[in-house]
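> Below, the features straight out of TrEMBL:
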type	residues	note
BINDING	Asn103, Ser129, Gly130, Gly131, His186, Asn187, Tyr191, Lys261, Arg288, Arg443, His449	substrate binding site
DOMAIN	179-465	domain '6-phosphogluconate dehydrogenase C-terminal'
ACT_SITE	Lys183	active site, proton acceptor
ACT_SITE	Glu190	active site, proton donor
Amino acid sequence: MQADIGVYGLGTMGGALSLNLAEKGFRVAVSNREADWIAPFVAGAGPLAERIVPREGLEAFIAALTPPRVVLFMIPSGTPLDEMIAQVTPLLSPGDTIIDAGNADFNDTERRARALAEKSLHFVGLGISGGEEGARHGPSMMFGGSAESWDRLRPMAEAIAARYRGDPCVAHLGPGGAGHFVKTVHNGIEYADMQMIAEIYGLLRDGAGWEAGRIGALFSGWNAGPLRSFLIEVTAAVLKARDAGTGAPVVDAIRDRAAQKGTGRWTMIEALKLGQAPSTIAAAVDARVWSSQHAARTAVAGAIPAGARDVAIPASPALEEGLRAARILAHLQGFELLRAASGAFGWALDLPRIAEIWRAGCIIRSALLDELAEALRAVPEGAPLLLGPGLDVTLARTVPALRAVVGAGVAGGWPVPALAAALAWYDSMRQARGSANLIQAQRDFFGHHGFERIDAPGPHHGPWTAKD
Ligand code: 6PG
């Protein structure tokens, strides 16, 4: 049996994606670097095994594909992928397609797409979100590559994608690295959302003395309202889970050191290169870094004063509304970054469509994304996304609660870096006249950098004389 597509890499995600493809009727050749993973995978595929074509070794794997061939790699995207591309390229023919379905630095994707185009091979950078469950039953997918690749692969992609009210959660976002870039920013927003949720949990645990299960119950309630989302649902489930032996909340036994594989950091690196400042994402990356400095925190804890005062943690409706405001702001920062990238790289990213394909399947799926899709469609071309119709009204209503939450954290000495970053951005963007006139004056004083005046064309220098 010849296959419609080959999936190389039978880890959790690759395996799940292969089964999803087979379930939708596609014949899937599978292979893996460790050949002894292949047989157990096929054995576990049940009736779907009849559409799985197991192959050991790259040559046999490629030979099992119907031309023009489509090979999907789900392997670590750094050097291992480059090595794999080098090995597979001589086995392919002009018109064949290589898909990288892992999380990749979009700069690498751009480079790989260019190099393969010279060999008349298509390269697709496919951002996939949704974890194992998504890959198996319907992920959200961000497709980057040529229009020709999209035309060819679209039926397959739409067949396996998550659906939101029937609409497949996959779109062709642009050439080269566009899909991986959007996936990276998705993860940046994921970092910010997770961090803000964790800050609310921290306030309730440390500021209000709530037990994990009680916080979990509160989150379950929120999941029935405007905060409804996969991450709130997951958080509630996690907080309610208890150790089989002791009956104690599992979360209480987990070390407070957050790992990170790099997509949050990549989001910030690209944002800074583009002159953007998605501060909620930066705060989330920072917080993970601080969390990893466990030894330093342990040494400092109790050794330096809090300088805090006794404050009450705001009640549940304020926490819910405050989190809602901060979540909107974090998403808007992510979308502003996408818009900047779109302009800089000439991608014409369709922002509302991106919000739409994030409504199901992916990790940040939420009720908010439906609201956002609508607002992003309605916002006038080039206008700040903060003015998105409807969102401005929600923000006006919920920002007072965010102030109360951040205020309590600040006064009480409980860290709320991402929530505070959201609020600081909101307040900074509300200022038609900020305080940067002083920065310009300082720069001119010590470096003769010049400044613009509001009342005369420039550039100008100040009459600075003394350093008093
Ligand atoms: C997704 C997830 C997925 C993965 C993250 C975790 O969209 O399905 O984002 O890609 O879970 O990469 O990233 P960290 O290990 O950096 O938290």
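Just so it is clear, glycine is given a Cβ too, placed from its N, Cα and C backbone atoms.
Surface or core, plus neighbours and distances: that's what I need for these features.
Residues within less than 8 Å, Cβ to Cβ, of His186 (substrate binding site) and separated from it by at least 6 positions along the same chain comprise Gly127, Ser129, Met142, Gly334, Trp358, Cys362, Ile363, Ile364.
Confidence for the domain '6-phosphogluconate dehydrogenase C-terminal' (179-465), expressed as mean pLDDT, is 97.
Reduced to three states, the DSSP call for Lys183 (active site, proton acceptor) is helix. The 10 Å shell around the Cβ of Lys183 (active site, proton acceptor) contains 30 further Cβ atoms across the protein chains shown.
A 10 Å cutoff on Cβ-Cβ distances gives Glu190 (active site, proton donor) a total of 23 other Cβ atoms nearby, all chains included. DSSP assigns Glu190 (active site, proton donor) to a helical segment in the three-state reduction.
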> Round to the nearest Å and give the CA-to-CA distance linking Lys183 (active site, proton acceptor) with Gly130 (substrate binding site).
11
> Note down the number of other Cβ atoms within 10 Å of the Cβ of His449 (substrate binding site), including every protein chain shown.
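There are 13 of them.
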> Between the Cα atoms of Gly130 (substrate binding site) and Glu190 (active site, proton donor), what distance do you get, rounded to the nearest Å?
11
> Cβ under 6 Å from an atom of ligand 1: which of these recorded positions qualify? The list is Asn103, Gly130, Glu190, Arg288.
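Passing the 6 Å Cβ check against ligand 1: Asn103, Gly130, Glu190.
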> State the Cα to Cα distance, in Å, between Arg288 (substrate binding site) and Glu190 (active site, proton donor), rounded to an integer.
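Computed Cα spacing between Arg288 (substrate binding site) and Glu190 (active site, proton donor) is 13 Å.
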